[in-house]
């Protein structure tokens, strides 16, 4: 199959060529036009045969315009009228320019753009370490400036990164997924980010995460034997009074208890996700060659470690198993391998990501109730959409075509499962899809599905494909966008409670977010480990508004409890907000669509290898 494939809707894609050759054009230019014999018409004969007197008389009465002969008087009158009209038009134009104008103001931003700007602010509120001057969250300050250094087993700086949610733990697994998702959205929709003035903001957000990840392993080495998976502790055993990030309720700026560092030596899922994060970021920062190459090197080292040291990062019984348990690492191999290929152009990564046995281990053929649910734990659906992009736009052909076609077909089926007509997932009476089957904290899964649906619709449009099939039924692209739009509109307030689940958006939103920094006033008072409990227990609204935070969401009956202690309703997370940002930018504005080429900036042309030269001829 060729690099570009065939037009799926019929007709060749070849550009028509001019039938005349360069030699033909050259010979035509060499011809002496004056030497050609031809018959003169009657008008030309009259010019040659008429005497001097005859020509003089005709010039006085008529003007020859080539295609016709007109009266000289009529010609002069017509020219005069045209000149007068031109002068008049010039005067009118000059007067119009001199009159002051009232320019029509640009249209107000749409709801999705307004929400996008707010959702990005959440990441500013979650930053750890020494904050930049333009952080713009007045109630936040420098925090946890001794991370890593205070742990004698580590002895190096792990300052920076992001707090995961309402506590002060830094979990690398969901944080890396969050940064991968943000980078993906920038690669696809950089024009939209730039149009609303947020491109620099989100690039800074991604770089803050990438710079921290580079600290969590030996990023200058080619081979490593460990990766930091967590800073801080959230585990509390019954009756324990040991100060940590869950027992205590303190502003991050006031933390004075030990913050342990947890490393892993066999964690394929974590390392492959971190590799995906750095690889995707390297495409975002391809305009900074040195930094991009630094990210690629780190990603390469991590992915090598992931393959050589098999295991789940949460298998050791750490905090991760309680808060962010990883069920498998095979999906991260497909996901990470895809991003490594796109960042490097090295076909060995694509061969791995499209290996049939790897797809089988990742659950590509299993189905089941969670099939098609994209999250920090399961990246298979994201990888399927990403590799469908490769097939739609580059069509690499053999030996990748078979598995790419399978992933493409599975992506179509997943998109069908999101539609209410097929009832693959339940919905609340208010219309919210239940991708986690009625369990708590549903919104993080909803925003991811909305992003993928909108993105896949844009892929189809960019490939000049008007829709896709669900069995025998054809659905237009707008069906995908309608699904994504209605789900995000529910989150922004179009729900039975008329409540926005994004803090700071709309007139009614959660006021008691499960968040230490937002719930404790910045009043110059140092509230210790237990001293902050009163702010956790109070029923008063948070003194600080954590703008842009998407809370966990309603229950399966569209109900919501704005209670600080109930994190199943009121806690916001990095992964949830990353999906929200991606979905909002995909739906925002008009036009633009996806950037087809930036994603493939490191991918070499996929022309087939030329055949070997023939052996020398011998008689």
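Glycine is no exception: its Cβ is also placed from the backbone N, Cα and C atoms.
Summarising the annotation, Swiss-Prot assigns active site to 514, 562, 571. Sequence annotations record features per position, and here Swiss-Prot assigns N-linked glycosylation site to 218, 325, 346, 409, 426, 568. The annotation topological domain 'Cytoplasmic' is assigned in Swiss-Prot to 1-74. Taken from Swiss-Prot, the feature topological domain 'Extracellular' covers 96-619.
Structural mapping of features recorded in Swiss-Prot.
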residue	record	DSSP (3 states)
218	N-linked glycosylation site	coil
325	N-linked glycosylation site	coil
346	N-linked glycosylation site	coil
409	N-linked glycosylation site	helix
426	N-linked glycosylation site	coil
514	active site	coil
562	active site	coil
568	N-linked glycosylation site	helix
Least Cβ-crowded entry, counting other Cβ within 10 Å, from the active-site residues listed as 562, 571: 562
Distance, residue 409 (N-linked glycosylation site) to residue 562 (active site) (CA atoms, angstrom): 42
Residue 568 (N-linked glycosylation site) versus recorded positions 218, 346, 409, 426, 514 - nearest by Cα: 514
Residue 325 (N-linked glycosylation site) and residue 514 (active site), Cα-Cα, nearest whole angstrom: 21
From recorded positions 325, 346, 426, 571, the one whose Cα lies nearest residue 218 (N-linked glycosylation site): 346
Minimum Cα separation from residue 346 (N-linked glycosylation site), reported as the residue among recorded positions 325, 409, 571 that achieves it: 409
Among 218, 426 [glycosylation sites], residue with fewest other Cβ within 10 Å: 426
Residue 514 (active site), number of other Cβ atoms within 10 Å: 25
Cβ neighbour count within 10 Å of residue 568 (N-linked glycosylation site): 16
C-alpha spacing of residue 571 (active site) relative to residue 409 (N-linked glycosylation site), in angstrom: 36
